[in-house]
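Novice: The structure's right below; bear with me while I get my questions together.
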Amino acid sequence: MKTAYTADQIRHAERTLMARLPEGTLMQRAAHGLAAACADLLGRVYGRRVVLLVGSGDNGGDALYAGERLARRGARVEAVLAGSKTHEAGLRAFLDAGGRVAEQAAVGEADLIVDGLVGIGVSGALREPYARLAEEANTAHGTVVAVDVPSGVDASTGQVAGAAVRARVTVTMGAYKTGLLVDPGAAHTGTVELVDIGLGPFLPDPDVAALTRADVEDLLPRPGNESDKYRRGVLGVAAGSDLYTGAAVLAVGGALRAGAGLVRYAGTHEPVQQVRAHWPEAVITPLDRPSIEHVGRVQAWLLGPGLGTGDWAHELAARVLASDVPVLIDADGLTLVARDRSLLRRRAPVLITPHAGELSRLIGVSRDDIEAARLEHVRRAAAELGVTVLLKGSTTVVAEEARPVRVNGTGTSWLATGGTGDVLSGVAGALLAQGLGCYDAASVGAYLHGLAGRLAARGAPLTSAGVATAVPEAIRSVHGEPRP
Ligand SMILES: NC(=O)C1=CN([C@@H]2O[C@H](COP(=O)(O)OP(=O)(O)OC[C@H]3O[C@@H](n4cnc5c(N)ncnc54)[C@H](OP(=O)(O)O)[C@@H]3O)[C@@H](O)[C@H]2O)[C@@H](O)CC1
Ligand SMILES: [K+]
């Protein structure tokens, strides 16, 4: 598990560790790791031009001590002092090593730009001249390395209130910060390199976590010798309508590709025809009224994609939610429960999979506000609604009360196309039916779906059907099995 922490959590751990070490030890460890990362990026250090953007706090101190090391190896290092004060000992060491302070920064001509403006001590939007320097770094030709956190990104939330550095590499000290994993901040980090400064034993429970390949491998259900289709998880799918047939086809496809033992599809005439044509392996119950009494036993339900939002759909949703198995609610199902919250009053678990627009209707917050503060709102939705929430987006986040938010970074922007959400609901639904809890089904589902998206896209546009087709390959790559 990749774990990440808020600025307060990091500071608390740092204080405990610092009390046991000679003064300045941690910053020297940080600077050592930072200088090594810079040297790697430069290839040859001697003679190369490096500009340090130095803020008034210890983030600037890290940059100065790393600059000292690079200067000793023959780099031409200039520092722009942006704050009202500067880390004194760091500046002395930097100057002693031959570093220079520049009035007018040659940011545009540098081979490497080290962003030491602000780290975990940032509050609010970058002030001048920090904001201008961040913009200069972003438009310069040189490689930008952010110290600890790209300046302008809130380390605790990933929120970006104004100008912010966009780094090629972020060298982060001691532990990942939440804001490095969650968008919009995550989009600013480039590759994140972690420098071990000995913080590990002092860190509390994480604020957020991201599943690694090994975690997903451990969590993924694998059929044993005695498995039969009923034990491997039967998913009921209540999706699609005479107007929207594709959603049903894609959701059933996602579920079958993600290992449901059996999919029982229930729907009206048109989607039934389509699902039957695409997926002969699905067991189909044509519905002439909104009822699930003839569908047979299932271990979980997927409710909503393409279902419509009229009385018929409402009645079917009420029947599905009156069952005693976990239910995943997506798309039109979310519109129905936004209108009638009483549908969510049930004992068995509920997983909802909204995008920001759908979540906006559920919690009465604007879509833009949700996009700007995804963590805050996904947590709030989980607490207010008493359900597990998977908020879709460039970094998908999964919240359940009293658990760290799980962040998924496997996705690709090619996935932002029609129908991919239906596939995701099928994948996560199949995992629910195979016995994973909502929290794990959602986060493993997001991981596989993102990976399948990458495999389907390979750098070019994808189709949602292609994403479903790539799910088995994603599972294979998680298990590390050779491809046929
Ligand atoms: N502690 C440790 O053991 C270790 C810490 N380490 C390093 O220290 C970093 C934390 O250092 P920190 O606490 O000094 O805070 P930091 O991020 O430099 O920023 C504070 C300064 O920023 C300013 N400022 C704030 N907001 C601003 C804005 N919007 N726009 C403009 N300016 C703004 C604010 O200025 P002021 O408002 O006071 O004028 C304040 O002076 C951490 O990220 C890591 O890199 C590592 O060496 C490992 C060991
Ligand atoms: K920084």
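Start at 1 and count along the chain as shown; that gives each residue its number.
Glycine residues also receive a Cβ, built from the backbone N, Cα and C atoms like all the rest.
Worth saying up front: this structure is predicted, and the values here are computed from it rather than measured.
So TrEMBL lists the following for this protein:
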DOMAIN    10-205  domain 'YjeF N-terminal'
BINDING   58-62, 119-125, Tyr130, Asp148, Ala247, Gly306, His355, Asp422  (6S)-NADPHX binding site
BINDING   Asn59, Asp115, Ser151  K(+) binding site
DOMAIN    212-478  domain 'YjeF C-terminal'
BINDING   Lys392, Gly393, Ser394, Thr395, Thr396, Gly421  AMP binding site
Novice: What binding-site residues among Ile120, Lys392, Ser394 have a C-beta sitting less than 6 Å from any atom of ligand 1?
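Specialist: Near ligand 1, sequence order: Ile120.
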Novice: Sort the binding-site residues Thr395, Thr396, Gly421 by C-alpha distance from Asn59 (K(+) binding site) and give me just the closest.
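Specialist: Spatially nearest to Asn59 (K(+) binding site) by Cα position is Thr395.
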Novice: Give me the CA-CA distance between Asp115 (K(+) binding site) and Asp58 ((6S)-NADPHX binding site), in Å, as a whole number.
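Specialist: Between the Cα atoms of Asp115 (K(+) binding site) and Asp58 ((6S)-NADPHX binding site), the distance comes to 12 Å.
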Novice: Please list, in sequence order, those binding-site residues from Asn59, Asp115, Ser123, Ser151, Lys392 with the Cβ less than 6 Å from ligand 2.
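Specialist: The binding-site residues passing the 6 Å Cβ test are Asn59, Asp115, Ser151.
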Novice: Expressed to the nearest Å, what is the distance separating Ser151 (K(+) binding site) and Tyr130 ((6S)-NADPHX binding site) at their Cα atoms?
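Specialist: Checking the Cα atoms of Ser151 (K(+) binding site) and Tyr130 ((6S)-NADPHX binding site) gives a distance of 8 Å.
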Novice: Looking only at C-alpha atoms, tell me how far Lys392 (AMP binding site) is from Gly61 ((6S)-NADPHX binding site), rounded to the nearest Å.
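Specialist: The Cα atom of Lys392 (AMP binding site) is 38 Å away from the Cα atom of Gly61 ((6S)-NADPHX binding site).
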Novice: Any idea which of the binding-site residues Asp115, Ser394 has the thinnest Cβ neighbourhood at 10 Å?
Specialist: Ser394
Novice: How big is the Cα-to-Cα gap, in Å, between Tyr130 ((6S)-NADPHX binding site) and Gly393 (AMP binding site)?
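Specialist: Here the two Cα atoms are 29 Å apart.
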Novice: Pop the Cα-Cα gap between Thr395 (AMP binding site) and Ser123 ((6S)-NADPHX binding site) into the table, whole Å please.
Specialist: 23
Novice: Starting from the Cβ centroid of Asn59, Asp115, Ser151, which together make up the recorded K(+) site, report each further residue of the same chain whose Cβ lies within 8 Å of that point, ordered by sequence.
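Specialist: Output for this site, in sequence order: Leu53, Gly55, Gly60, Ala63, Gly116, Leu117, Val118, Gly119, Ala146, Val147, Asp148, Val149, Pro150, Val165.
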Novice: Including all protein chains shown, what's the count of other C-beta atoms within 10 A of the C-beta of Asn59 (K(+) binding site)?
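Specialist: Other Cβ atoms found within 10 Å: 27.
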Novice: Cα of Asp58 ((6S)-NADPHX binding site) to Cα of Thr395 (AMP binding site): how many Å, rounded?
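Specialist: Checking the Cα atoms of Asp58 ((6S)-NADPHX binding site) and Thr395 (AMP binding site) gives a distance of 30 Å.
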Novice: For AMP, what surrounds Lys392, Gly393, Ser394, Thr395, Thr396, Gly421 with a Cβ no more than 8 Å from their Cβ centroid?
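Specialist: Counting only non-site residues, the set is His355, Leu391, Val397, Asn408, Gly411, Leu415, Ala446.
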Novice: In angstrom units, rounded to an integer, how far apart are the Cα atoms of Gly421 (AMP binding site) and Gly306 ((6S)-NADPHX binding site)?
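Specialist: Distance between the two Cα atoms comes out at 11 Å.
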Novice: Would you count the other CB atoms within 10 A of the CB of Gly306 ((6S)-NADPHX binding site), including those on all shown protein chains?
Specialist: 26
